[in-house]
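Participant: Here it is, the structure in full.
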Amino acid sequence: MGKEKTHINLVVIGHVDSGKSTTTGHIIYKLGGIDRRTIEKFEKESAEMGKGSFKYAWVLDKLKAERERGITIDIALWKFETPRYFFTVIDAPGHKDFIKNMITGTSQADVALLVVPADVGGFDGAFSKEGQTKEHVLLAFTLGVKQIVVGVNKMDTVKYSEDRYEEIKKEVKDYLKKVGYQADKVDFIPISGFEGDNLIEKSDKTPWYKGRTLIEALDTMQPPKRPYDKPLRIPLQGVYKIGGIGTVPVGRVETGILKAGMVLNFAPSAVVSECKSVEMHKEVLEEARPGDNIGFNVKNVSVKEIKRGYVASDTKNEPAKGCSKFTAQVIILNHPGEIKNGYTPLLDCHTSHISCKFLNIDSKIDKRSGKVVEENPKAIKSGDSALVSLEPKKPMVVETFTEYPPLGRFAIRDMRQTIAVGIINQLKRKNLGAVTAKAPAKK
């Protein structure tokens, strides 16, 4: 029966001390695919190390440690089930990882769970101006995660106070509104990740709370629309030569469907080749769909002709093309000085890493409302949002964010850190000089 349930990717946002690991661990522990034996083993180790109070977070820590050591653990460990859905937790431990995962993410999050701590120091730290939590919420919204649930955590540390809950709810709700969420429709749930209050069952310690439990709230989310019906796009993660088979590009299907027999183009190059077979986890697939990480065999193409960052598409259905310029909305997160025209940092978009030049800063815009506040500003700095015209220094395949989200969002990197994030609005194609995008890039 379980097969018919829709899969939803859940990104958990929260300050390191918000208790998000304990909350997530507790849910996975109660509803997930962790077998009893594993849990008992973890509990025993946890007790021996005197970490009894971190039991649920410990579950997650162990999974992370095993994952980081390269032990392939059953992905079911990161899943939990509600009456309507299978949820997969996309956990992003650190700030840098969070930004990286949100942009080039192994999977696009459909829903965000924001965990904020109710304890006095905790909330102020997590939700201060400098707190990364706010930035992560803004990033999630900018990158298309429009559904969010808020867990007001550690209620056990404030004696399950309704006043404290209301105070936090007001502040977080105001911020969500500013960012652009429909805050009146967002569930704010008083929880204790450790004690389990209002996670799965209603707690008798919060008789004043009449709303849903965390799981009930997650179960009311709208299922994601998977882009099966869009033209095919597969950003290549690598290209391998396999004895007896030949050239095998590897990547994740972002949109569309791939079947053997299709004639593929590898943009931005002019290489065209027929797909002979498609495999996932060593099994031959009749068709690969969005979200599938696959390898596929192509005829008469050498490993030297195609590479990571190229995008495979169907020659007969709106094939991908290289792009000579594009305009994008960027949010500057972290730059020590000012960014002016001519700045040329590295751009990470899907699997490609290419230097791009800021041709022109077209306008500075209000992050919240999207309205233009200044035309052609001389410079932009941390905290600013702007519309900019960019030029890749090498041929590059990108798409508009509205048409192909995974190929239309990017991170700008410089000085070994993420300087900005952006989404692409308009393209100028490299196609015999013709502009085939929906709207030409601003000059």
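Any Cβ shown, glycine's included, is placed from N, Cα and C.
So Swiss-Prot has the following annotated:
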BINDING   14-21, 91-95, 153-156  GTP binding site
DOMAIN    5-228  domain 'tr-type G'
REGION    14-21  region 'G1'
REGION    70-74  region 'G2'
REGION    91-94  region 'G3'
REGION    153-156  region 'G4'
Participant: Give me the long-range Cβ neighbours of K20 (GTP binding site): same chain, 6+ apart, Cβ under 8 Å, in sequence order.
Facilitator: V12, I13, G14, L113, V115, N153, G193
Participant: Inside 10 Å of the Cβ of M155 (GTP binding site), count up the other Cβ atoms and send me the figure.
Facilitator: 29
Participant: What is the average pLDDT across the domain 'tr-type G' (5-228)?
Facilitator: 80
Participant: Let's check the environment of G14 (GTP binding site): how many other CB atoms sit within 10 Å of its CB?
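Facilitator: Counting Cβ neighbours of G14 (GTP binding site) within 10 Å gives 23.
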Participant: May I have the DSSP-based helix, strand and coil counts for the residues of the region 'G4' (153-156)?
Facilitator: 2 helix, 1 strand, 1 coil
Participant: Write out how many residues of the region 'G1' (14-21) are helix, how many strand and how many coil, based on DSSP.
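Facilitator: Output for the region 'G1' (14-21) reads 2 helix, 0 strand, 6 coil.
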Participant: Within 10 angstroms of the C-beta of D17 (GTP binding site), what count of other C-beta atoms is obtained when all protein chains are considered?
Facilitator: 14
